[in-house]
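Chemist: Below is one structure. I have some questions about it.
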Amino acid sequence: MRHDCVIAFRGDFRRTVLPTENNRGISCTNKAQKQQEITLLVNGPIERKPDAVRDGPCVAATSSSYPFAECPREADAPGRTVRRVAPRMGGAAARERRFKHHGDPECSTARSPSLVDRRASSAAIWAPRCFVHTRLPLSTMFRFVRCFRKTMVDAATIQKIEEGFAKLQAAENCHSLLKKYLTKEVMDKLKDKKTSLGATLLDVIQSGVANLDSGVGVYAPDAESYTLFKDLFDPIIEDYHNGFGPEKKQPATDLGEDKIAELADLDPEGKYINSTRIRCGRSLQGYPFNPCLTEANYLEMQGKVKKVFEEIKDGELEGTYYPLDGMTKEVQNQLIQDHFLFKEGDRFLQEANACRYWPKGRGIYHNKDKTFLVWVNEEDHLRIISMQQGGNVGQVLGRLIKGAKAIQEQAPFSRDERLGWLTFCPSNLGTTVRASVHIKLPKTSARPDFKKICDDLKLQIRGIHGEHSESAGGVYDISNKARLGLTEFEAVKQMYDGVKHLIELEKSA
């Protein structure tokens with residue numbers, strides 16, 4: 001038995017496209033009702049253009065069971081009758097929820113909850129932007145409603161998003177990129193969107209809202225977030241990564257295996273550089289980022305990479321994997337103090353829900369000399385690290401290349417055509433490479449323009465205990481700032497050339 005059904009799509013039609021001959025709506029009155037199923041498809045982006053109906057998801061209604069309001073733009077869709085639902089179903093309460101038309105057939109101001117009127121055998125999802133009228137079996141109708149509700153953001157989450165926005169705007173001392181680019185317009189556009197894994201705008205911004213001293217302030221809960229919430233991510237990425245706009249594309253991977261000879265020892269006498277470190281972040285294919293990972297995901301990923309480590313037979317890379325679960329605090333603290341292990345309790349990651357199920361699925365692999373290490377499930381799935389005492393950047397890079405290739409052969413990594421290697425924080429996108437030295441610059445660092453000098457050299461300054469830490473004993477952690485829009489070797493060379501210049505300044509001071 002067929003039943004009339006009016007369905008209005010909420011939020012982002014780009015992710016919830018129903019199967020039809022024209023990919024714009026439901027057409028289930030033939031071919032055995034599409035085998036009695038409605039399937040949600042990922043159909044690629046369809047940009048909303050209020051001035052052109054043909055580019056929007058409006059559809060033709062084929063029944064007169066319910067009243068309709070003619071769309072004034074139907075002339076833009078030759079051969080079609082584009083209509084808008086006039087709400088008059090689901091009882092008196094539903095009738096009070098009126099769509100308000102603004103000349104855009106995709107838009108309305110309705111924000112009513114989903115309604116199902118079983119007596120009339122009709123389903124209505126009252127929401128903006130898109131709606132269709134068709135006839136469906138009742139079982140299919142309710143199956144669709146259940147599936148569709150998963151894409152809706154609840155009122156409590158939207159309220160938290162709005163409260164977070166208000167907190168950011170009221171914080172005079174907050175200078176994060178999140179505050180700069182999360183405008184009221186952007187918030188209203190994104191607050192009712194949800195990825196297929198359930199991530200919302202709240203997951204993206206909550207760390208930056210809780211930590212007003214954040215520099216960036218956003219994290220991507222899953223890979224889809226970079227696309228779904230692009231109105232926030234794209235300007236932040238462009239600002240942080242030196243003008244890498246939406247039209248730009250990350251170059252092909254070039255680790256510089258054939259250029260290592262260009263990286264001679266920066267400090268052969270050992271006067272300035274204590275140590276050199278190069279790392280890259282990698283995400284395993286088939287898994288989301290920290291906030292969307294389950295405990296089972298963490299343990300499964302740990303098991304996979306542990307098997308990979310066991311297959312490494314290269315004498316320089318061969319070592320042992322140590323899970324954090326079961327490691328004593330004394331051993332952990334010693335590894336952290338020696339700069340080999342990540343710290344637990346980073347407040348920025350905690351507020352981003354990146355520390356759930358700790359320490360399950362976390363651990364560290366290192367060779368016997370502790371010059372090659374891999375962090376498992378800290379901020380990113382993997383942090384591959386090469387480090388040693390002194391300033392021989394070429395040796396450090398060569399070891400990193402060898403180790404990254406050995407792992408990738410057994411555990412493929414996730415890479416985006418435009419953004420490069422995908423990571424939890426947008427600051428690490430692209431190459432994900434951070435090449436750094438711990439260096440003593442007592443004279444140069446005392447200059448009032450020290451930070452400007454480093455900025456001009458495209459260098460980032462940190463304390464020796466990592467991000468958000470202070471210098472200790474006049475020793476600074478100096479690294480390349482750019483990660484996106486250049487190759488891996490170019491990122492390392494940026495640090496190399498900049499540090500070389502700083503040493504020359506220190507010598508001449």
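Yeah, the Cβs are placed from backbone N, Cα and C, and that goes for glycine too.
Unlike curated records, TrEMBL annotations are generated automatically.
According to TrEMBL:
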- 160-242: domain 'Phosphagen kinase N-terminal' (DOMAIN)
- 272-509: domain 'Phosphagen kinase C-terminal' (DOMAIN)
- 275-279, His339, Arg383, 434-438, 462-467: ATP binding site (BINDING)
Chemist: Measuring CB to CB from Ser436 (ATP binding site), give everything in the same chain under 8 Å that is also at least six residues away in sequence.
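Modeler: Listed in sequence order, they are Thr276, Arg277, Ile278, Arg462, Asp477, Ile478, Ser479, Asn480, Met495.
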Chemist: I'd like to know which of the binding-site residues Arg383, Arg462 has the most other Cβ atoms within 10 Å of its Cβ.
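Modeler: Per the Cβ count within 10 Å, the most buried is Arg383.
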Chemist: Going by DSSP, how much of the domain 'Phosphagen kinase N-terminal' (160-242) is helix, how much is strand and how much is coil, in residues?
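Modeler: In the domain 'Phosphagen kinase N-terminal' (160-242), the DSSP-based counts are 48 helix, 2 strand, 33 coil.
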Chemist: When neighbour density is defined as the number of other C-beta atoms within 10 angstroms of a residue's C-beta, which of the binding-site residues Ser275, Ile278 has the lowest density?
Modeler: Ser275
Chemist: Please average pLDDT over the domain 'Phosphagen kinase N-terminal' (160-242) for the predicted structure.
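Modeler: Its mean pLDDT is 96.
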Chemist: Please classify the secondary structure at Ser275 (ATP binding site) using three-state DSSP.
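Modeler: The three-state answer is strand.
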